[in-house]
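Asks: So TrEMBL lists these for the protein:
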TRANSMEM  12-35  transmembrane segment
TRANSMEM  55-74  transmembrane segment
TRANSMEM  130-152  transmembrane segment
TRANSMEM  173-191  transmembrane segment
TRANSMEM  197-215  transmembrane segment
TRANSMEM  240-260  transmembrane segment
TRANSMEM  320-340  transmembrane segment
TRANSMEM  378-404  transmembrane segment
TRANSMEM  416-437  transmembrane segment
TRANSMEM  443-468  transmembrane segment
TRANSMEM  480-499  transmembrane segment
TRANSMEM  511-535  transmembrane segment
Amino acid sequence: MSKQNKENTQSFMNNVTIILISQVLVKVLGMVYRIVITNIDGFGDEGLGFYNVGFQIYTLLLAISSVGIPNAISKMVSERVALDDYKGAHKIFKTALLLFSIIGLVTTAVLFFGADIFAQHIIKIDGSQYVMRALAPSLFFVCVSSVIRGYFTGMKNMKATSNSQVLEQILKCTLTIVFVYLSIGLAPAIMASWANFATSVATALSMLYLVYFYCKRKSGIKEHIEESKGETIKISGRHLMMSILMISIPISLGSIITAINRVIDTATISRGIEVAFAALIPAHGNVGDIINPTAEQLNQEIARLSGLLSKSDTLYNMPLAVNFAFATVLVPSIAGALAVKDYKEASSKINYSLLISILIILPCAIGLITLAEPIYKILYFSTSSGFELLQLVSVSLIFAALAQTMTGSLQGLGKVYVPAISLLFGCIAKIVLNIVLIRIPSINIYGAAISSIACQFISCAICFVVLAKNCKLNIKPMKYIVKPIIAGVVMGIVAVGVYKLSMLVCPSGFIGNLISTVIAIAIAAVVYFFTVFMLKILSEDEIKQLPMGTKIYNGLVKLKFYKAQ
């Protein structure tokens, strides 16, 4: 590897590390407050269900209005920066800020004033309208924040994104818990709306931080603009807006389809329950209550089952947050390499990111499958039902993570429509399976998890085929598939064995389960780490590209895992 490529790769991994740390913190904090509020008296699975279903329409509008912004802006800005056109990069930023501020205001109004229609005719869960109205203002704040984050990501400054996301999540975590505690005694739907109002407050404060971050660096930005030697982009504001939309819309399509998919999940669950209610609605008094459940019973059961899905999603999304760092940094990194026609560098980053994604996600998936029940008993001690859902959806983790990494790669290569199309095919399969499976009393809610596996597999397969045709992939089956699976299986066996042995000597109940689970996870993680290096899945160069890679490699040499070069 040349000195220039090593520097580029190290810069790439440094940016990955910054995003990685922020994403892990964000997801950990998100998991913490969801766990806390789920265990608060009066909230439970039903409150979490209202909290979750209200998010579905919000997420859809968020995807339409802002999800594609950071990647689109970072891609356009990084291309101009690679050509030494800082003036053009800043023009893109200002135009995008105006455009998406307007879009943010429109979507906020749609969610606030259309909440009743969404709740009654789409979600079909009465009470979710309060949650949607509480979330509505955050759509505008997120739109503005996304533009600023995208601009600084394109400038290779990841601090704006990482700092603002961590700040937002700290505020969200704190305020959500406080607001829910203050609303104890109210109906679960109202408690959920207060929980979501915390999101609006947190996103507003995060936006203000980003505005401050930009203003503080404005003089440095002006210096870059004045020193620019590249040819400035010559295009009117109107045409630039169209260019931004042409890039951001395809990037957003994948998220839009995913959001629609979740709305359909909720809609098909609510309608499926009406068919399979005999198995789902508990009796209250006599047989007639089972045969003819009231609208209130159905509403409560739908909210409860949505809460079960939300609990599994909270843990499912943790590993994807780690993987998200690679997908985020890949877009501007690949776009910048292609702008100067460095195809070898772009291909190298894609291959490396796919390998690291596999090595990160595989043990996470196996860990969640093998230790789902004890983890649920720790985190959701007041309502630990539904761990089987987590075991099922965890099967799809590896496909979801690879699709996530390949999405970043394809977007960087300019194939922005492919991820959306692949997701569309996956979601069509999911809808069909949802309609068929959820109506079967013996399957019901688990049908949503089974269909998710099919959805992610189809999406991953399509992305891989297209990526392989447009990029030189060096996927060696032994290195990328066989050896990682061996390491993961060994880890899983160790995790189960250590947990069962620990439970024999630890005290029964919550404390014993907590101690046994922590010991099992810690030992299994160490075993996986050393198994990966014993199998020599990573080469010397690949290890050294990791954060603190040189120190890790030197340590492995001392342990005789690798030979000194």
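Just so it is clear, glycine is given a Cβ too, placed from its N, Cα and C backbone atoms.
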Asks: Using Cβ atoms and a strict cutoff of less than 8 Å, what residues sit near the transmembrane segment (197-215) while being 6 or more residues removed from its termini?
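Replies: Long-range Cβ neighbours of the transmembrane segment (197-215): 134-138, 141-142, 144-145, 148-149, 151-152, 159-160, 163-165, 167-169, 171-172, 175-176, 178-179.
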Asks: So, do the transmembrane segment (240-260) and the transmembrane segment (55-74) meet, by the test of 3 or more Cβ pairs under 8 Å (sequence gap 6 or more)?
Replies: yes
Asks: Same chain, outside the transmembrane segment (173-191) by at least 6, Cβ under 8 Å from its Cβ: which residues?
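Replies: Residues 29-30, 32-33, 36-37, 40-44, 46-47, 49-50, 126-128, 130-131, 197-199, 201-202, 303.
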